[in-house]
Amino acid sequence: MSTAGKVIKCKAAVLWELKKPFSIEEVEVAPPKAQEVRIKMVAVGICGTDDHVVSGTMVTPLPAILGHEAAGIVESVGEGVTTVKPGDKVIPLAVPQCGKCRICKNPESNYCLKNDVSNPQGTLQDGTSRFTCRGKPIHHFLGISTFSQYTVVDENAVAKIDAASPLAKVCLIGCGFSTGYGSAVNVAKVTPGSTCAVFGLGGVGLSVVMGCKAAGAARIIAVDINKDKFAKAKELGATECINPQDYNKPIQEVLKEMTDGGVDFSFEVIGRLDTMMASLLCCHEACGTSVIVGVPPDSQNLSMNPMLLLTGRTWKGAVLGGFKSKECVPKLVADFMAKKFSLDALITHVLPFEKINDGFDLLHSGKSIRTILMF
């Protein structure tokens, strides 16, 4: 029996309040309005950004259905939708691509003005929600809310992908892999023969390592306080791995001594102010580029001496690795299908969706890189 045009009742993980476990609830998902798409989710990854919301580091309206790194199949479409149809395999896009705003028209940027990151409303682009639970509206997250068996997204926030692609793997292209890999190849523009330092070896950090290797870096120094992550980092391309706790001097000084004054490219992939500064300081004062990849704590500021930049350093950041989402995600999936890169090393655990809280426990313990939840 077709569900098109009808309210769907399904299971979703609702975050009712900060620093509490997710609650598996029955929610009602309204049909898509014009220019919207309803998706049946198949696989979703647990990303550190979701955990930043739970901890209060990243602010979004609650109660909400989180999740933003996923893949699924189109269930139905609203009026006027032309880029996807029911049955298509798709990846929802946490950063949309409307194609019309000044940012979408700028070849150097991907931070579409339709995003729900800068000033999160917790709704779709028309300002309303498609979710209700216990008779109350539930907020969306980044416009896609993938911790639900069904979700509704705007058409400019979904990309059709290869019909043969394995959704349990390519879901990582929705955030973690693209964010890390693109930070190296698009944002920093790592050059052949260069020296790189990567702070933080979670799924995104390891994807940065992969990007640095693909770009031809000669040295890739991986930095983490969890030495259990070093073997995987070396497998993916790190040439050296160091633990700041093994030294009695600041890690930026260690890195500068190792690299004749500083690395060419550094990446902070944790989301801490102290490591953002260490990452900046470890890149060469005359020619180094440091990229902020990790989501910083809300409402906290860094203070720094502008002389650090005057001498020639570049300090920059980007979301989703600088990729224009709707056009680049399908290309990345095609590259994966062509075996240009593998995602297997990033996936350490696969759990049923109902065990979402166990997946977050694995993240907190440092035992997982990426946990995939299957619906």
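Positions of Cβ are set from backbone N, Cα and C atoms, glycine also.
Here is what Swiss-Prot says about this protein:
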MOD_RES   Ser2  N-acetylserine
MOD_RES   Ser23  phosphoserine
BINDING   Cys47, His68, Cys175  Zn(2+) 1 binding site
BINDING   48-52, 200-205, Asp224, Lys229, Ile270, 293-295, 318-320, Arg370  NAD(+) binding site
BINDING   Cys98, Cys101, Cys104, Cys112  Zn(2+) 2 binding site
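Put simply, Val319 is the one of the recorded positions Ser2, Gly294, Val319 whose Cα lies nearest to the Cα of Cys101 (Zn(2+) 2 binding site). The most crowded of the binding-site residues listed here (Cys98, Cys112, Cys175, Leu201, Val319) is Cys175, judged by how many other CB atoms sit within 10 Å of its own CB. In the structure shown, across all protein chains, Ser23 is the one of the modified residues Ser2, Ser23 with the greatest number of other Cβ atoms within 10 Å.
Measuring Cα to Cα from Val319 (NAD(+) binding site), the recorded positions that fall within 10 Å are Cys175, out of Ser2, Ser23, Cys98, Cys104, Cys175. Under DSSP, Cys112 (Zn(2+) 2 binding site) is assigned to coil, being neither helix nor strand in the three-state scheme. In sequence order, Leu201, Gly202, Leu206, Ala222, Cys241, Gly366, Ile369 are the residues near Lys229 (NAD(+) binding site), counting only same-chain partners six or more apart with C-beta under 8 A. For the pair the residue listed as 'N-acetylserine' and Asp51 (NAD(+) binding site), the C-alpha distance works out to 35 angstrom. Figure note: comparing Cβ neighbours within 10 Å for the binding-site residues Cys104, Val204, the maximum is reached by Val204.
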